[in-house]
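J.: Taken from TrEMBL, the feature domain 'Cobalamin-independent methionine synthase MetE N-terminal' covers 12-346. Residues annotated as 5-methyltetrahydropteroyltri-L-glutamate binding site in TrEMBL: Lys26, Asn129, Arg557, Cys558, Trp603. Residues or ranges marked as domain 'Cobalamin-independent methionine synthase MetE C-terminal/archaeal' in TrEMBL: 468-790. The L-methionine binding site annotation in TrEMBL covers Ile473, Gly474, Ser475, Glu526, Asp641. Feature annotation from TrEMBL assigns L-homocysteine binding site to Ile473, Gly474, Ser475, Asp641. Marked as Zn(2+) binding site by TrEMBL: His683, Cys685, Glu707, Cys768. Among the features that TrEMBL reports, active site, proton donor is placed at His736.
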Amino acid sequence: MAVTHPHLPGATILGYPRIGRRRELKRAVESFWAGRTTLDDLEATARDLRRSTARHLTGLGLDTPGAVPGSFSFYDQVLDVVALLGAVPDRFADLTTDGGRLPLEAYFTVARGEGDRPPLEMTKWFDTNYHYLVPEIGPDTPVGFADDRVVREFTELAHPDDGGRPVVTRPVLVGPVTFLLLSKAADGAPDDFRPLDRLDDVVAAYAELLRALAAAGAPWVQLDEPALVTDLLGVPFDEVADAVRRAYTALATDLSPATEPALPAQRPAILVAAPYGDLRSAAGDGLALLAGTDVEAIAVDLVRGAVPTGPVPGLETKTLVAGVIDGHNVWRADLDTRLATLEALAAPGSGVGAGALSVGTSTSLLHVPHDTADEPRLDAGLRSWLAFADQKVAEVVTLATGLAEGRAAVADRLAESTAAARSRAAAPGVVVPQVRARTAALTAADAERAPYAERAAAQRARLDLPPLPTTTIGSFPQTAQIRGARAAWVRGELSDADYTAAMRAEIASTVALQEELGLDVLVHGEPERNDMVQYFAEQLDGFATTVNGWVQSYGSRCVRPPILWGDVSRPAPLTVSWTAYAASLTSKPVKGMLTGPVTILAWSFVRDDLPLGDTADQVALALRDEVDDLEAAGIAVVQVDEPALRELLPLRAADHADYLAWSVRSFRLATAGAGPATQVHTHLCYSEFGQVIGAIDGLDADVTSVEAARSRMEIVPELADAGYARGIGPGVYDIHSPRVPSVEEVTELVTLAAKAIDPALVWVNPDCGLKTRAHAETRQSLANLVTATRTVRATL
Ligand SMILES: Nc1nc2c(c(=O)[nH]1)N[C@@H](CNc1ccc(C(=O)N[C@@H](CCC(=O)N[C@@H](CCC(=O)N[C@@H](CCC(=O)O)C(=O)O)C(=O)O)C(=O)O)cc1)CN2
Ligand SMILES: [Zn+2]
């Protein structure tokens, strides 16, 4: 059957980084927040960024209408839908204007909170290190077409007022089903209410938006429905399927598309994208589901997901955007095999309609940096193995050309890609025999410590801590002064000796502060760390780090994920001198601070030529040696952070057991070298822990600190029910806001925890590290934490 809608271009990407190649948006947003610039300044910077991005992508070859995604956001794409719908929780209702519109300033307030109004909760976006804001939807939450920002951004680029090149973009939005499945029920909603109950209202608002986009001349719109690739949302496939059918009947069937000859267009052609995984699983067939709707195009992730083979009813009338280029990792693709995949899909009998195949990325490019050309300091060999966002755009364009015009048209590009793959496979450091030999020789005993009872007794004798010991999670405020010193050192303007002295001074004042406050187990404060993963990667063999490789983590916050390209080993101790220095300043125990193997992998770009579990073992052994060295330096408490344990949990239930086995094992390998009298802590945050409760116990740490304040210690009884019976430090206050917790509220939470589990196991600490906080609130919050703990201790 002929495809009657306007052709989706041969090449496209599902989204592009929006923070700017030199973090222009981060800087503009943060200076607006700080009151240094006006709203008009911010809007102007954002408009320039959208314009230069759209024209840049056109220049890279996404040069047909609808090829360039309109994927800008001031903060978060889920919050953008909240703003689109005017669906703000009651506590922000007074900030909306006519028709429920949320002005930009108020949009930021919903994201960040203000005074007694807490922000929307933030949580992981699928299995990435991106975090979205969780909408709160109740039966009475306003839902309508409240804001036409999407339409204005389309028009501004299609009809630019600067006389420059117009670009007809494809607006990108989180789809209605995924939006509601990621929402939580608003406070006060009846027990049986679920956000998905509001589907019809949400879809009606999207329908209005689609009409407005059609009127503005948009040929295409992209609706992202990654909810279809995960089993982790706790909703059975049949319910998701029913919601998808309802939503896309209303949007695709009931509205007439741009190509109906007799009717004015009521909507653009619709591309539904299913990034991050496989649409097909034991739970159900999401591809057949989408193929059965009247949408014009489906984007599938062919990096994580299987390539469809054989006919899928309905698919022959649609465009398939084949996501063969990885949007989530930085390796240059082997174009030869990718092109073979595309050729097979284009062949008769594949089930894909003739001429209806488009080449795309598996996910938005939000998760990768802009351009390898911005990394002059990377080894040239390594650089030639990489593809950041702009290189990936070139890859999809090359593949589309190869598909349309034949291999000969792109022969040079194919040869370059093959040569890069060969050079990578043979490069020194990719396979290091000593590292392979060490992991190959591991036995089950290497992951076992002495029984907990024996450890607990040895640690009690050595540490002599009071009941309800107090501690912090590791970092103290990373002030502008600290970062400035590091920046000067990196630029060569501060000597090694001066930088070390500055960090030591910071450590000394952090130790003094903790002694003054009366904390029981101290930390050095981590001033020397730019980031809890990058800091380790900079010192380990097998990793490379970048200068400009920033990737948005949430809002204006960015990270530079290291590139794990080779076998990992530790050429020298990583943390010992800083920790030992702190310990030399006090008679209290100082807790050494390491980042665990799973988190190091989760927040790096990992190699694709070795199973993740094998790489995890290599990292674990490097950390094991560090634990040894800390012990030898007299450190009695070592914390190994695993905040990303939940993040890497596979989206499909069938893959969980394997993941949990290697992740838990690698943590145990990292820590099991510790003697019984060394107290091993771990720390987890940023997550719903439900699905990993068993794994938390499996880590076998002596003390586990977890984020818990927002959920009022819920995790403590859950862990106790699961049989966890070692030390537990449920966070007693949220560190994401400057708000100082009162003595009363901390007292209440500590009391709650001590009722839910044996009080002898309870530790008192904040939810997470204090690096994003300022000094004044940190001091006061910790003072209140200590006072509250003393109050509860007196009642034991
Ligand atoms: N990798 C990672 N992932 C994580 C987390 C994390 O801590 N690390 N935490 C969770 C939440 N995510 C977060 C991600 C980033 C930040 C964050 O604060 N990022 C900082 C940058 C941190 C950093 O890399 N700092 C470097 C470089 C800082 C910098 O920008 N320097 C300036 C100059 C600084 C100056 O002169 O003052 C520059 O290069 O322009 C350093 O301290 O050395 C930011 O966006 O501002 C916080 C939480 C989950 N994922
Ligand atoms: Zn944390």
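A Cβ is built for glycine as well, from the same backbone N, Cα and C atoms used for every other residue.
Each of the listed features needs to be described in terms of its position in the shown structure.
T.: Listed in sequence order, the residues of the same chain lying 6 or more apart from Arg557 (5-methyltetrahydropteroyltri-L-glutamate binding site) and placing their CB within less than 8 Å of its CB are Lys26.
Counting only same-chain residues six or more apart in sequence, the Cβ atoms lying under 8 angstroms from the Cβ of Ile473 (L-methionine binding site) belong to Val523, Gln639, Asp641, His683, Cys685, Ser705, Gly731, Asn765, Pro766, Asp767, Cys768, Gly769, Leu770.
In the three-state DSSP scheme, Asp641 (L-methionine binding site) is classed as strand. The number of other CB atoms found within 10 A of the CB of Asp641 (L-methionine binding site), across every protein chain shown, is 25.
Within 10 Å of the C-beta atom of Cys768 (Zn(2+) binding site) sit 26 other C-beta atoms, taking all shown protein chains into account. The DSSP secondary structure for Cys768 (Zn(2+) binding site) is coil.
Neighbour count (other Cβ atoms within 10 Å of the Cβ, all protein chains): 19 for His736 (active site, proton donor). His736 (active site, proton donor) falls outside any helix or strand according to DSSP and counts as coil.
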J.: Which binding-site residues from the set Asn129, Arg557, Cys558, Trp603, Cys685 come near ligand 1, judged by a Cβ under 6 Å from any of its atoms?
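T.: Asn129, Arg557, Cys558, Trp603, by Cβ distance under 6 Å.
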J.: To the nearest Å, how far is the Cα of Glu526 (L-methionine binding site) from the Cα of His736 (active site, proton donor)?
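T.: If we compare the Cα positions of Glu526 (L-methionine binding site) and His736 (active site, proton donor), the gap is 18 Å.
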J.: Sort out the sequence-distant neighbours of Asn129 (5-methyltetrahydropteroyltri-L-glutamate binding site) for me: same chain, 6+ apart, CB within less than 8 Å of its CB, listed by position.
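T.: His367, Val551, Ser553, Val559, Pro561, Ala602, Trp603, Ala644, Glu647 - these are the non-local Cβ neighbours of Asn129 (5-methyltetrahydropteroyltri-L-glutamate binding site), listed in sequence order.
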J.: Hey, how far is His736 (active site, proton donor) from Glu707 (Zn(2+) binding site), Cα to Cα, in Å?
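T.: On Cα coordinates alone, these residues lie 11 Å apart.
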J.: Just the binding-site residues from Gly474, Ser475, Cys558, Trp603, Asp641, Cys768 whose C-beta lies under 6 Å from any atom of ligand 2, please, or none if there are none.
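T.: Within range of ligand 2: Cys768.
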J.: Consider each pair of residues in Lys26, Asn129, Arg557, Cys558, Trp603, all listed by the record as binding 5-methyltetrahydropteroyltri-L-glutamate, and report the largest Cα separation in Å as a whole number.
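T.: This binding site's residues have a maximal Cα-Cα distance of 20 Å.
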J.: Using the CB centroid of Ile473, Gly474, Ser475, Asp641 as the L-homocysteine site centre, which other residues of the same chain sit with their CB within 8 A?
T.: Thr472, Val523, Glu526, Met532, Met593, Gln639, His683, Cys768, Gly769, Lys771
J.: For Gly474 (L-methionine binding site) and Glu707 (Zn(2+) binding site), determine the Cα separation and express it in whole Å.
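T.: Each residue's Cα considered, Gly474 (L-methionine binding site) and Glu707 (Zn(2+) binding site) end up 14 Å apart.
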J.: Please give the maximum pairwise Cα distance, in Å and rounded to a whole number, for the L-homocysteine-binding set Ile473, Gly474, Ser475, Asp641.
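T.: Max Cα-Cα spread across the L-homocysteine binders: 12 Å.
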